[in-house]
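Quick notes on the structure that follows.
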Amino acid sequence: MKKTFKLILVLMLSLTLVFGLTAPIQAASDTAVSNVVNYSTDVIYQIVTDRFVDGNTSNNPTGDLYDPTHTSLKKYFGGDWQGIINKINDGYLTGMGVTAIWISQPVENIYAVLPDSTFGGSTSYHGYWARDFKRTNPYFGSFTDFQNLINTAHAHNIKVIIDFAPNHTSPASETDPTYAENGRLYDNGTLLGGYTNDTNGYFHHYGGTDFSSYEDGIYRNLFDLADLNQQNSTIDSYLKSAIKVWLDMGIDGIRLDAVKHMPFGWQKNFMDSILSYRPVFTFGEWFLGTNEIDVNNTYFANESGMSLLDFRFSQKVRQVFRDNTDTMYGLDSMIQSTASDYNFINDMVTFIDNHDMDRFYNGGSTRPVEQALAFTLTSRGVPAIYYGTEQYMTGNGDPYNRAMMTSFNTSTTAYNVIKKLAPLRKSNPAIAYGTTQQRWINNDVYIYERKFGNNVALVAINRNLSTSYNITGLYTALPAGTYTDVLGGLLNGNSISVASDGSVTPFTLSAGEVAVWQYVSSSNSPLIGHVGPTMTKAGQTITIDGRGFGTTSGQVLFGSTAGTIVSWDDTEVKVKVPSVTPGKYNISLKTSSGATSNTYNNINILTGNQICVRFVVNNASTVYGENVYLTGNVAELGNWDTSKAIGPMFNQVVYQYPTWYYDVSVPAGTTIQFKFIKKNGNTITWEGGSNHTYTVPSSSTGTVIVNWQQ
């Protein structure tokens, strides 16, 4: 009897190691559709609503707005929310492993057709030419249709993210009020104003940006789009109330358009208003070109309270897998540098193409698409897949990259790569939360390991479509055993054998091959993988996700101060933020048995509700290399720490040198003290005289203007 039991045990252990799992893993609460502040366990599918499926022909536009032949690429094609509902219900999206959809901005857009000789007219099919942020685009559907989309998605464990573009309304001309709809803005049907004769100052009127500076891109128009003045109290309150309309509908996330082109301070206070009302995961669009690194981009990701689309990731993946203009060393360097630069790397939204870029597939072999998808789905961050990528759609540039969805074939290799790898984000926390370590590399081969506690995923990619490589000297954190390819050989992967010292038996990685091997284990010690939101206030609730927390409540420490536990289970803890000195905190967790977790760093606890105030200083003359910054006695102004001072301030568009200005998020209803400083490298020159004082308004926006004190 004992021998029989031992034999069964050995067989069970052998099967366990072959499949790479120690035990069946049940769905964890951190992966639930209700967890709207954590998308690390999700796969997003980006949909240009008008170009996906026409599910209700009765709401299609008429006349010159609409092209039923789907050839005039800047006209409406008829895609709508009912079409998305249909593809959820028929299993196309769920079958692919999609757990979140990002849809076009749902608000009412202009009805004008702009002249366009190439495409026979240009319309607002894309959703970015808003006229009323509190009404729906009728060509996408009604509020009832939108609610049906939300309900259907949630019933299928899919989160819904909306695009939202508070930077602008629609095309307008300063000199021709008849052009398009003159950028007019409506509040639930009531006209607020248009771009010409803008006596209330709802818009910026500084001309179009030439993208020459960060400041220029913020306060001047993007192309011919009427640029909203968020510092105007009416616009500020309007945009904050508008997003609440959609939050009340039950959306689960927000993608903010053109965050590079709006004031950082206003966006931070806008984000605070969202987090105070109904926190949801929010990420912004800040375009970066190939090999571009922008300190303002990094600062925004770390300090704004929202995440960003990871253009550094996207551009490098395209260089390596699509264009062959860089090697795997460049890919690995990007993974390392972004992990160093971005505080919340697992919140960065990764992608290989989108509606503003050439589609990834450009003909020829489809294997580069499949390799890039596999890399994105197994890398850190939140993967977003552009509609049609799984069908190998092509198209260089707008609008060719926004054609009508061509097929819903569930047999393509790309579809099945996604289908097999997407579920790993929920079943293996190494994929959702793990660190990344390069294990073997040459110009064409990248073998990397994701690890979270005892959970491991090892991924091997050979981008060379004609050359195989012998892999020797490979080590891994996978326990001893034989591991099958999670992809089941879909991209020619095979099994590997791991010895007790972590060495992998040498093997051949064939041309174009991709393989994924994994090990999933329950955790007996606490490990934090995600905290959200990353910007909060005393009394608000944040969510801590990870493994090994146990089922009995312990403690969550903000530095050394414990918060009040709201709920506690083995993978997710909700805790109220304690009343502590505002600033950045490292969070740790202590289980009921006394085990202490890792720390999760840089959670920003604000002084209070935020208001955007424009700080202006006159007569601040500088020498070459000097810039003016702002500091003060609250955490939002750096608490007099010059290394945390706000700036460099601007001096070209709204005001001109020697006047400097900056829009800053500061605590509402608070009397603050502040001063300006000049920085030139490590040299700091303080403003003279007494501290300036200012009482921040309790709501709306503010402006304070002072003279530089000698």
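Note: Cβ is positioned from N, Cα and C throughout, glycine not excepted.
Noted in Swiss-Prot for the protein shown:
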- 1-27: signal peptide (SIGNAL)
- ASP54, ASN56, ASN59, ASN60, GLY78, ASP80: Ca(2+) 1 binding site (BINDING)
- TYR128, TRP129, HIS168, ASN221, LEU222, PHE223, ASP224, ARG255, LYS260, HIS261, HIS355, ASP398, ARG402: substrate binding site (BINDING)
- ASN167, ILE218, ASP227, HIS261: Ca(2+) 2 binding site (BINDING)
- ASP257: active site, nucleophile (ACT_SITE)
- GLU285: active site, proton donor (ACT_SITE)
- ASP356: site 'Transition state stabilizer' (SITE)
- 526-603: domain 'IPT/TIG' (DOMAIN)
- 605-710: domain 'CBM20' (DOMAIN)
Quiz prompt | Least buried by Cβ count (within 10 Å) of the recorded positions ASP54, ASP224, ASP257, ASP356 | solution = ASP356
Exercise. Quick one: pull the CA-CA distance for ASP227 (Ca(2+) 2 binding site) versus HIS168 (substrate binding site), whole Å only.
Key: 4
Quiz prompt | Listed recorded positions ASN56, ASN59, GLY78, ASP224, ASP257, filtered to Cα within 10 Å of ASN167 (Ca(2+) 2 binding site) | solution = ASP257
Quiz item: What are the helix, strand and coil residue counts for the domain 'IPT/TIG' (526-603) according to DSSP?
Solution: 0 helix, 44 strand, 34 coil
Quiz item: Hey, of the binding-site residues listed (HIS168, LYS260, HIS261, HIS355), which one tops the CB count within 10 A?
Solution: HIS168
Exercise. Looking only at C-alpha atoms, tell me how far ASP224 (substrate binding site) is from ASP54 (Ca(2+) 1 binding site), rounded to the nearest Å.
Key: 30
Self-check item: Residue from GLY78, TYR128, LYS260, GLU285, HIS355 whose C-alpha is spatially nearest that of ILE218 (Ca(2+) 2 binding site), among the recorded positions
Solution: LYS260
Quiz item: Based on Cα coordinates, which of the following recorded positions are within 10 Å of LEU222 (substrate binding site): ASP54, ASN56, ASP80, GLU285, ASP356?
Solution: none
Quiz item: When the Cα-Cα distance from ASP257 (active site, nucleophile) is computed for each of the binding-site residues ASP54, ASN56, ASN59, ASN60, ARG402, which gives the smallest value?
Solution: ARG402
Quiz item: For the Ca(2+) 1 site given as ASP54, ASN56, ASN59, ASN60, GLY78, ASP80, which other residues of the same chain have their Cβ within 8 Å of the site's Cβ centre?
Solution: GLY55, THR57, SER58, GLY79, GLN82, GLY83, TYR139
Quiz item: Among the binding-site residues listed here (ASP54, ASN60, GLY78, HIS168, ARG402), which has the Cα closest to the Cα of HIS261 (Ca(2+) 2 binding site)?
Solution: HIS168
Quiz prompt | Confidence summary for the domain 'CBM20' (605-710), mean pLDDT rounded | solution = 98
Quiz item: Near GLY78 (Ca(2+) 1 binding site), which residues of its own chain have a C-beta under 8 A away, given they sit six or more steps off in sequence?
Solution: ASP50, ASP54, THR57, ASN60, PRO61, TYR66, PRO68, TYR139
Quiz item: What other residues of this chain sit with their CB within 8 A of the center of the CB atoms of ASN167, ILE218, ASP227, HIS261, the recorded Ca(2+) 2 site?
Solution: HIS168, HIS204, THR209, GLY217, TYR219, ARG220, ASN221, LEU222, LEU228, ALA258, MET262
Quiz prompt | Those recorded positions of ASN56, ASN59, GLU285, ASP356 having Cα within 10 angstroms of ARG402 (substrate binding site) | solution = ASP356
Quiz item: Can you tell which of the recorded positions HIS168, LYS260, HIS355, ASP356 lies nearest to ASP80 (Ca(2+) 1 binding site) in space, using Cα positions?
Solution: HIS355
